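Straight from TrEMBL, the features:
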- B:Asp23: active site, nucleophile (ACT_SITE)
- B:Asp23, B:Asp25, B:Asp244: Mg(2+) binding site (BINDING)
- B:Asp25: active site, nucleophile (ACT_SITE)
- B:Lys219: substrate binding site (BINDING)
Protein chains: 2
Amino acid sequence: MKHLNTPEEIATFISSMDTFLLDVDGVVFLGTQLIPGVVEALAHLRSLGKRIFFVTNNSLKSRTSYVEKFSAKGIHGVAKEEVFSAPYAAACYLSDIGFPKEKRVYVMGADGVVEELREQGIQACGGMDDKDLAFSGMDDLHRIQPDPSIGAVLTAFDAHINYPKLAKAHTYLQDPSVLFIATNPDVADPIGTQTFPAAGSMYQPLIKSTGRHPIIVGKPHETMLRVILAKYQLDPTRTCMVGDRLDTDVLFGQRGGCRTMAVLTGVTTESMLNQAEVAKRPDYVISSLGLMR
Amino acid sequence: MKHLNTPEEIATFISSMDTFLLDVDGVVFLGTQLIPGVVEALAHLRSLGKRIFFVTNNSLKSRTSYVEKFSAKGIHGVAKEEVFSAPYAAACYLSDIGFPKEKRVYVMGADGVVEELREQGIQACGGMDDKDLAFSGMDDLHRIQPDPSIGAVLTAFDAHINYPKLAKAHTYLQDPSVLFIATNPDVADPIGTQTFPAAGSMYQPLIKSTGRHPIIVGKPHETMLRVILAKYQLDPTRTCMVGDRLDTDVLFGQRGGCRTMAVLTGVTTESMLNQAEVAKRPDYVISSLGLMR
């Protein structure tokens, strides 16, 4: 675990890498705010010919929305192909396993998830269409029936979680051939000085009610990294995963044989790094991505 | 495990008991329908001077609502004191431990829960007041702040579960002095030929997001049984808990030193009884409460 403090240490580190995989929340943004210096750092890395990919578990947004958010905040010129999100990883996963074209994915999550699935040619339902499903009494439940057109249930962060959605997902999952997939395992996300329940908490009712466990495609699951490394033929020894979490970002980088770097602008603090098992520590530590310039 | 089949076996069993503790869902009702013969069976037991209590984990209704439901379905003359529900048990639990009068309980559940708390002189908030809390974006979360007036979070079956409620409960539970209580642990309830997520599934997101585990007051937790046995000075050896579930009803009766009986009109089937460990089997089995006449 090498701390990069001086401009020389930082420059040496940068020159040893070709590609940077950057987590977004806690690395580029904190909530809706850009972390100071990040725009300049990204420009600096690009001016040196480094390749940059954004790798995020955030399951609210599609990659297109990310590009728009970046641009609105002053990070211009990011291509959609440079963004890898958990919803995209879910769509890639379903494509990879040959999810049948005639089947539909029931989404408990935001429209960004539905959008990514449809872009990969996968039929999706649920999502925001089920946002306002009202529950007026137990008789409503008789309308929720098994549906043979559903081939998978995909859960993500869903700020509009409701009982009819849980009841539908539960019903579909009674068929063991229906896949159970979750975008990411993060149980709580920091927002400002507080934390709030995250995508990894939202499928817990279904685990209990069905006795089934989802396949998780986001970090630290290797799906996204495998896709990136293969697609762009990256050398993992010259690729650095930069993140603010040991349990997702650093583990994800380590599983892919990449170099790993922790920033201290998000969840992980210096003392958490020191208390972590040696095998779980990153190769590098820098206080902020904003210093990489 | 003695099967009661003939009128003589049933009569002998009834004469050996003074008090019957009856689970409601799966024993008296199946969904909204009365199980055949139950009205007559209850009248028969009462005519023999037997004491009857209804003991239910259902956390939607207050005891008053139960009395009304019974009456509407032809079961007349049930006193509120003869109904013990998980929300009532939660209220008794909070009274027993001297929950401070100046503190409030945040309820993630139905109005029946709020009603029971208030009847015991406990301040409650949340419940249906939070039913329509909308979520319009992450900025909403800044309005959800720790609240020192909250002394407990109580979760129950909540058909209007939503993200702002989960976020509030999560926020309050960050204070370790705030109690975490759940009405009952049932993870899925049968409705018709299907099952649906139940109260025991609904607090799972909070377990994950906070790392805390609730105190569960409903069956098979002993709170309700302790209250009934003590309040009416019942002899457990002449008290029979009648239910359709081994993991809640039968275990609950066994923990209280009562006799136990399974009916086959709900969750448990004959083959499930035979596959159960000997220690978990009930003392008696009858195909339906409706035969006890």
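Placement of Cβ uses the backbone N, Cα and C atoms for every residue, glycine included.
Worth saying up front: this structure is predicted, and the values here are computed from it rather than measured.
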Q. Taking the center of the Cβ atoms of B:Asp23, B:Asp25, B:Asp244 at the recorded Mg(2+) site, which other residues in this chain have a Cβ no more than 8 Å from that point?
A. B:Val24, B:Gly26, B:Val27, B:Val28, B:Thr56, B:Gly243, B:Arg245, B:Asp249, B:Val263, B:Gly266, B:Val267
Q. Looking only at B:Lys219, B:Asp244, which of these binding-site residues has the biggest number of Cβ atoms within 10 Å around its Cβ?
A. B:Lys219
(Q) Using DSSP and collapsing to three states, where does B:Asp23 (active site, nucleophile) fall: helix, strand or coil? (A) coil
